[in-house]
Structures are given as C-alpha cells and as structure tokens.
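Notes to accompany the following structure.
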Amino acid sequence: DMVSDNRTLVTEFIILGFPNVREVELLLFVTFLLMYALTFTENVAIILVIGMDYRLHTPMYFFIINLSFLDIGYTTVTVPKMLANIAIQSQTISITGCFTQLYIFFFLGSTECFLLTSMAYDRYLAICNPLHYTTIMDRRACLWLALGCWLCGFLAPALPTAFIFRLPFCGSNIINHFFCDSPPLLELSCQDVFEIEVINFVVGTTVLMSSFILTVISYIFIVATILHIPTAEVRSKAFSTCASHLTIVTIFYGTAMFMYIRTKTIQTFDFNKTVSVFYSVVTPVLNPIIYSLRNNDIKQGMRKVLLKQ
C-alpha cells in the first residue's frame, strides 16, 4: 500500500474559500449572489426568447442557447456551494462531492471551448461563404456540431479526474480554493503527482489549444474577407457581429490558459483564486450581456415576448 498505516486517509475536504474576515466575506457573498442571480436570469431569458421567437431559430442563436445552458451549469456547479460556505460557515465537502464538482466543472468548461470554436466556424461560413451558408449549416449540421461539443467536453476530463480520484490523500485536507480544482487537490496528495500533472497538462493543453487555434484560423479568414468588403457600412456590420464573440473568446481563453497550461502549479493560490473567479463567475455574467442582450434581434424578441404577456 502506498499509504503507510500511521497516516490517516482523508474522507472529506475543507474548502478554504476566501479570507475569513467577516466584512470581506459579506461583501463577497452579496457580490457572488448578485452575479449568480444575474447569470441565471439573463441566460434563462435568452433561452426563452430564442425558443419563443421563430425568427431567431437560426444556427447562431441555436449555439447561443447552448452557451446559455453551459453558463448556467458552469456557475451552478461552483457558486451555490461557495455561497453556502460563506453563509453557514460549513466548508466541508465529501470526497465524492469534490470529485463530482471537479468533473462537471471541467466537462462544462471543455464543452464551452469546443462550442466557441463551433460558433467561430459558423461566423466563418456566414461571412466567407454566404451563398452556401444555409445548405452547409442546416439543422442537422448544427445538431451534430453541438452534440460533438458536448460529447468531447464530457470525455475530456475523464482520464485526469480518474487518476486524481485514485490518489491517496492524507495529512492536510484543506483545499486552498473556492471549489474543487485540480491544482490545489494535487497539492494535498501524499503521493508523487508528477505523472498526473503531465496528464493534466497534456489534456488541458489539447482542449484549450486545439479549440483556440481553430477559432483563430476562422477569424483570420473572417478578417481577411471583411477587409475586402468595399462598402464601409457592410464592413462595420460584419465586424460588429464578430466583435462580441471575439471579446468572449479573449476573456475565456486568456484566463483559462493562464490557469491550466502550466506544468507546475504556481504556489500563490490566492492569485489563482482571483483568476479562477474571472472564468467561472465573471465570464458567464458577461456572455449574455456582450453576446445577446446588446443584439437587436434579441431585444426585439424580448419586446415581442413581453408584449404577448
């Protein structure tokens, strides 16, 4: 056995969360609660409006619905538990609960990577190949693309999570983070984790870089095509449809790459926590605002739905 008898195995973890200063905790509680409520409301509104307005039953809005479901799931898997930790000062989480949270978080995060790539491909077809857009991006193609994103996202974290799950944890059981993330978990194992760090790095890099590179390639073609559009008005309209997607891509990939494409975990976990807040709490709040709520079609759809009531 890799764990000697005089060391007790950990059966639950304590999630440290944020500084234990009550005033700061209350401020964080209110901030995260508002952000979670906003994320939930915005995304549910978008799903309902797109679902109820037939004019919005297009590939772009179909992918936006998928993104909304992802953002709801993404925040729900971490924020309510974090709010409970602050509110009732109960910071324990069972090993099973911890690994479930870890797996679902990475499943949804990976799916979002692939979905952002599909959205970039959709924009590429719409701008670079408009004449064949409707025949290529038909309902069947949309469903297969979305299904592929969810399936790849589901499979991506399976191997790293399985390996971490088999690790023995003994000694300290305090996770210096606000959810069960792999870097702070690996810190707690009483076994050499180098191989698992390499697996984590390879899987994380493959998911992030493959989807990021494909997204960038789509945008190189898109920008090249837009620059050749003779009229300034059409050019600016084409740019504005892509600007929102590019903003989301930049925030999401920028913070996620910083966190996960590193072989060795940086020791300043407090800094890591701040970065994690960006892609796990801030991005899902911004996505609907940047992507959909500024969009005239969605605004008209909302008016239509509200006036119907």
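The backbone N, Cα and C atoms fix where each Cβ goes, glycine too.
Just so you know, TrEMBL annotations never went through curation; they're auto-generated.
Residues or ranges marked as domain 'G-protein coupled receptors family 1 profile' in TrEMBL: 42-291. Under the heading transmembrane segment, TrEMBL lists 26-49, 61-82, 102-121, 142-165, 201-227, 239-261, 276-293.
Sequence-distant contacts of the transmembrane segment (239-261), counting only residues of its own chain at least 6 positions beyond either end whose CB sits under 8 Å from a CB of the stretch, comprise 109, 112-113, 116, 119-120, 123, 126-127, 183, 200-201, 204-205, 208-209, 212, 215, 219, 222, 226, 272, 275-276, 278-279, 282-283, 286-287, 290-291, 294-295. If you look at the transmembrane segment (26-49), the same-chain residues 6 or more away from its ends with a CB under 8 A from one of its CBs are 18, 56, 64-65, 68-69, 71-72, 75-76, 79-80, 82-83, 86-87, 281-282, 284-285, 287-289, 292-293, 298, 301-302, 305.
Long-range neighbours of the transmembrane segment (276-293) within the same chain, counting only residues 6 or more positions beyond its ends whose Cβ lies under 8 Å from a Cβ of the stretch, are 32, 35-36, 38-39, 42-43, 45-46, 64, 67-68, 71-72, 74-75, 78-79, 105, 109, 177-179, 181, 244-245, 247-248, 251-252, 255-256, 259, 299.
The stretch with the most CB contacts under 8 Å to the transmembrane segment (61-82), chosen from 102-121, 142-165, 201-227, is 102-121. Within its own chain, the transmembrane segment (102-121) has Cβ neighbours under 8 Å at 60, 63, 66-67, 70, 73-74, 77-78, 145-146, 148-150, 152-154, 156-158, 160-161, 164, 179-182, 185, 207-208, 211-212, 214-215, 218-219, 222, 245, 248-249, 252-253, 256, 279-280, counting only residues six or more beyond its boundaries.
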